[in-house]
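Structure, as structure tokens:
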Amino acid sequence: MQKVCWPYFDPDFDNLGERIYGPPCRVYIDNDSIQDCTVVKVNSENKQGLLLEVVQILTDMNLIITKSYISSDGGWFMDVFHVKDEHGNKLTDKSVINHIKHAIGTSRRESDFIKASEANNNSLEPQLADHGEHTAIEMTGTDRPGLFSEIFAAFADLHCNVMEAHAWSHNARLACIAYVSDDNTHTPIDDPSRLASIEDHLSTVIRATADPASNSTHVGHKENETDGFLAGQGKGCMNSNMERRLHQLMLSVRDFDEPFCEPSSLSLLSSKLEYCDHKERKTTIVSIGNCEERGYSIVTVKSKDRRRLMFDTICTLVDMQYVIFHAALRSDGADAFQEYFIRHIDGRALNTEGEKERVIKCLEAAIERRVCEGVKLELCAENRVGLLSDITRVLRENGLTVVRADVETQGQKSLNAFYVRDISGNKIDMEFVESVKKEMRPIHLEVKNEDTKIDTVGSDEPTASASATPQRQPQPHRFSLGDILRSQMERLSLNFVPTK
């Protein structure tokens, strides 16, 4: 028998540097220095994208970042975050503190592998967790009233069960990510011919009334294009990765540009009216200057404070291929001020007015696209094929358009959150909204008003006060959502279950 020899590698060799010089990433949690918040300090070897990874971890834990200082110039990375839990208190739970330390340390050790994978794929897509039971489908296009309903109806016609879906609309553009399975076998859809059929069907729906003068709708397979219809098996996600992908999709359809000025249909006109109404109340101000001495561009952002604000800003800069060297954030609970010292990934500052204008518009869009102004409807139902199609069709037929959707399946239940507005662009009369709960009994329906209060750090889902008198607005059409859903009782009543 021939002997086979190979070199021996000590398994501790990879950790030799850490044993000599200490761990490459140190995380400190300080609960003593400041009375009303916890200080999280991160010291690490500097790697491109590490700041985003740390912010993603804090974001996924629903922590509120009230102040932050970042410095990563040279070979070392130093971050300080002042954070509170979702209730506005200091972090006292030892398991939460240990999870932060472990998650950031693990993220740092895996950073080199992730960056190598991204380099090999030549892609900035977030690394998503594997969901072996679902097929991910991504869609982008020109938004119009009723499009969400048409998309969900198409899934029902294609015998696809929607297990999870998230959709944003902004400036008459739409981005949607859906995780589906075959409604008969409950397995991922991996047949190329069937995926092609799904692509063709959904492409037809999305492009049905798209203005030919608009370039905001693109259709193509994932391996060929960066936007349009994208399909792939086994793509799941954590919360912030899903949101980062939605940011990327909205950026790909240029939602930072104004909608087409001369819409050829009433549906596009209503989107334009919504956009104009939003622009009148815009509170985000972005400016860019240059630091000639150090070769930085200085980006300042003033806006209303809310949760995930820092994440939205940083992931947009990273996806636009800018490197953040220094940064500072502070907030007073109502307003937030952010400052970033950046260069392009090739080492240059923002020298042209055109590039500065594009960064300004993209950051404004990234901050504003998450803020939905409308009425939020929360429903919990027994999951079945066609449920989302039925719900969104009822809303569409009665003059409500969905501007954002979050759908999740937990066991046999489907948890649905729809942000809706009047199709004509007017505010929905809150008197009818307040009467919905009484009319819907025993069916449970949560109604939250997003018009009167922005999503601040004090409340992730702001609601209208029950004692507050809603501002009266002239309405061309008055209706009752309770009556609408009651008319569909034969089909829907057996599927709704209480959320509590």
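Backbone N, Cα and C atoms are what each Cβ position is placed from, and that goes for glycine too.
Feature annotations, reproduced from Swiss-Prot:
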- 39-121: domain 'ACT 1' (DOMAIN)
- 136-213: domain 'ACT 2' (DOMAIN)
- 298-373: domain 'ACT 3' (DOMAIN)
- 376-459: domain 'ACT 4' (DOMAIN)
- 450-478: region 'Disordered' (REGION)
- 462-474: compositional bias 'Polar residues' (COMPBIAS)
I'd like the per-state residue tally for the domain 'ACT 3' (298-373) from DSSP, helix first, then strand, then coil. 27 helix, 27 strand, 22 coil
Going by DSSP assignments with H, G and I as helix and E and B as strand, what are the residue counts for the domain 'ACT 2' (136-213)? 26 helix, 28 strand, 24 coil
On the domain 'ACT 1' (39-121), the mean of the pLDDT values is 83
DSSP-wise, what's the residue breakdown of the domain 'ACT 1' (39-121) into helix, strand and coil? 39 helix, 24 strand, 20 coil
